[in-house]
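Asks: Structure incoming, see below.
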Amino acid sequence: MLNDFFLYLIQVSVSMAVFALTYRLLFDRLTHFKWNRIYLLASVLFSVLMPLVPTSGLWSTPVSMGLELRFDRIPSGTNEAAFQAEEDATQAVGQAQLIGYTLLTLYLLGVLYKSWRLYRSLDAVFRLIQTSPKVEEGAAYAVYVQSDLPTFSFGRSILLNPENDSLTLEEQAQVLLHEEIHVRHRHTLDLLLFELAGVVFWFNPVVHYLHFAIQQVHEYAVDAIVTRTCGTVKSYGYLLLKLTAQNPLPLMAPFSNKQVIRRIQMLTQKPSSPMQKLKFLMVLPVLALSLLVGSCFRNNDRPAFQAQDVKPQKGVSISRLVWKGNTVYSSEQLTDVLGNRPGDLYEKEGFASRLINQPGTDVASLYMDKGYLFFSTEVHEKRVGNAVNLELEVFEGKPANVENVVFKGNKKITTKQLLEMVAVRPGELFNRSKLIQSQKALAESGYFNPTQIGINPLPDIENNTVDLEFTVIEKP
């Protein structure tokens with residue numbers, strides 16, 4: 001579960017980075033501010049939600065279940081090596097768990113700190129609204145007078161500071177109009193979304209860049225509307241320069257900021273042509289890339305299959321189900337793949353099948369598709385009244401690499417041709433699902449008797465490697 005959480009944070013961070021880089025390269029200088037706003041909001045929402053959507057059906061390769069994968073008995077000497085490897089893995093997992101919980105603690109401390117800062121900002125704003133006299137209220141906004149901060153807007157409230165003697169009445173009216181447009185466009189909701197993203201992903205500088213970008217887009221859009229409505233670019237630029245020294249709270253939609261020169265440049269920039277909106281079609285390959293990256297993360301760490309949901313109709317009730325010795329996968333992950341939980345009926349044959357005899361969907365595939373050739377489990381039963389407690393002892397061993405792929409029985413078909421048919425390759429991790437795919441490919445080739453294709457793993461315990469021997473019988 002902890003690994004899944006960190007994986008989720010990484011997936012979201014990578015996806016945000018892809019969107020941010022695309023925005024910086026293609027859209028940052030466009031004057032299609034409404035489109036830019038939609039892009040920035042969608043990039044955060046998509047990045048956060050995309051890893052939560054199951055994609056295994058889109059990207060995973062289904063495993064053939066029609067053939068029986070026959071393994072010769074692995075030599076008995078491997079048991080001792082597997083137990084020793086399990087001891088080594090158990091010793092190593094303590095350190096891995098310590099690192100994981102340390103990282104989680106640091107992450108939560110960061111979340112608490114950012115949450116506290118956000119709370120303080122919100123509390124300061126609400127207190128200011130409550131203590132400031134209301135001087136005007138319209139259908140979409142309310143105006144309050146205060147002297148603690150520069151003029152800003154939050155939600156439907158405009159906190160007006162009339163004590164700036166350097167502003168003329170016309171300029172004060174422009175300031176008020178500026179904030180009214182922020183309110184009408186609901187820019188506060190955007191900022192709150194990015195503030196929340198900044199709390200959860202405080203460690204990711206890309207979030208801060210996207211937050212800054214949405215603030216810029218807000219200001220560019222409002223500046224453009226104000227200058228079209230009641231002023232020239234030159235006079236409005238002077239107004240921005242007058243307000244450069246003001247420093248509102250970071251949560252607010254400020255009237256001015258340190259990027260005032262950039263805002264003036266955007267006011268004087270030639271408007272982007274409608275044809276430049278076609279650049280937003282680049283979002284499609286960006287979406288595909290983000291999905292692909294997320295799928296790769298998921299496929300590397302999660303099974304691309306689900307357990308068959310076939311419950312036994314007879315047997316005793318499972319009172320307790322405990323995994324021991326598992327370090328690669330959590331007990332929750334193993335239980336999900338097994339498909340049996342406390343309260344379900346326990347039937348030995350079906351239970352054993354879900355453990356090791358359903359290639360592609362059983363617990364063994366979860367390990368053996370990641371190289372754990374020596375994986376095995378022992379089921380310890382303890383009857384408690386009319387129920388049973390189950391303890392599943394897992395022996396994982398170490399991942400084994402494929403050293404050689406050899407064929408026996410082929411006379412007309414060369415070894416090179418056969419290697420092109422099968423999915424396994426020397427140097428790769430052992431993968432049982434790929435063996436099944438290879439077996440199916442040989443059976444469907446038309447050259448061999450499809451019922452006489454065998455696979456014999458020949459392990460080298462000392463070097464953690466295995467030779468894969470395919471035995472075939474050619475058709476007459």
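Note that Cβ sites are derived from N, Cα and C of the backbone, with glycine treated the same way.
Values in this document were obtained by computation on a predicted structure and should not be read as measured data.
I grabbed these lines from TrEMBL:
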type     : residues : note
DOMAIN   : 400-475  : domain 'POTRA'
TRANSMEM : 6-26     : transmembrane segment
TRANSMEM : 38-59    : transmembrane segment
TRANSMEM : 98-116   : transmembrane segment
TRANSMEM : 191-210  : transmembrane segment
TRANSMEM : 280-297  : transmembrane segment
Asks: What parts of the chain pack near the transmembrane segment (191-210), using Cβ distances under 8 Å and only residues at least 6 beyond its ends?
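Replies: Apart from its flanks, the transmembrane segment (191-210) reaches 9, 12-13, 16-17, 19-20, 23-24, 40-41, 43-45, 48, 107, 110-111, 113-115, 118, 251-253.
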Asks: Reported in the order helix, strand, coil, what are the DSSP residue counts of the domain 'POTRA' (400-475)?
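Replies: For that range the per-state counts are 20 helix, 25 strand, 31 coil.
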Asks: Over the domain 'POTRA' (400-475), what is the model's mean pLDDT?
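Replies: Mean pLDDT across the domain 'POTRA' (400-475) comes out at 88.
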